[in-house]
Amino acid sequence: MNLDVSAIFQIAGIGIIVAMIHTVLKQMGKEDMAHWVTLIGFVIVLFMVVRLLNDLFQEIKTIFLFQ
Amino acid sequence: MEMIQIVGLGLMATVLILVIREQKPMFAFLLAAFTGLFIFLFMIGKIEAVITVLEGLADRSGIPTIYLKTILKIIGIAYIAEFGAQIVRDAGQESIASKIEFAGKVLILVMAIPIISVIIETVLGLLPAGG
């Protein structure tokens with residue numbers, strides 16, 4: 001199993017940077033761009049979480065459910 | 001020392017979540033979910049070893065494997081239901097969390113029905129005829 005703690009830092013970093021970009025773009029008056037940036041960051045993080053969730057479910061299936 | 005690692009991970013993730021929640025609550029929620037998944041995956045390797053030992057014991061004592069399989073399935077369902085319900089509860093959806101727990105309970109009951117029926121048959125067999 002290739003678990004690395006750095007993924008947590010990655011998610012936190014993506015969150016902080018996206019919040020920063022959002023603020024800057026809003027100050028520049030580009031509201032729609034700011035929302036797109038938030039959405040894309042969210043999707044990237046969602047991908048990471050869902051991949052780990054898939055790992056967990058596979059593991060539980062092989063251990064508890066004999067498949 | 002896995003325990004120290006887990007506690008350190010939890011504290012660190014909590015601080016990061018507190019920092020992010022001010023700006024983007026969505027990311028804070030995802031980070032909490034990720035941390036929970038991480039710890040769960042970290043621990044599930046240990047559970048595997050315990051279950052291997054249990055299987056060996058059941059094999060040696062001649063218990064039908066269907067019982068052990070059912071019990072392990074029930075444990076798996078309980079873990080998954082608890083995990084999902086807590087993540088959903090973290091996001092503030094109390095009602096969905098209760099429904100997940102309810103579904104877990106119903107599924108466990110369904111799994112347990114063969115064992116319950118075997119117990120009842122045994123008890124009925126012990127009773128004197130005509131009782």
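In case you wondered, yes, glycine gets a Cβ from its N, Cα and C as well.
If you look up TrEMBL, you'll see B:6-21, B:28-54, B:66-85, B:106-127 marked as transmembrane segment.
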| Intrachain neighbours beyond the transmembrane segment (B:106-127), with Cβ under 8 angstroms and 6 or more residues off its ends | 66-67, 70, 73-74, 77-78, 81
| Chain residues in Cβ proximity to the transmembrane segment (B:66-85) (below 8 Å; excluding those fewer than six residues from its ends, i.e. six or more beyond) | 36, 40, 51, 54-55, 58, 97-98, 100-101, 103-105, 107-108, 111-112, 114-115
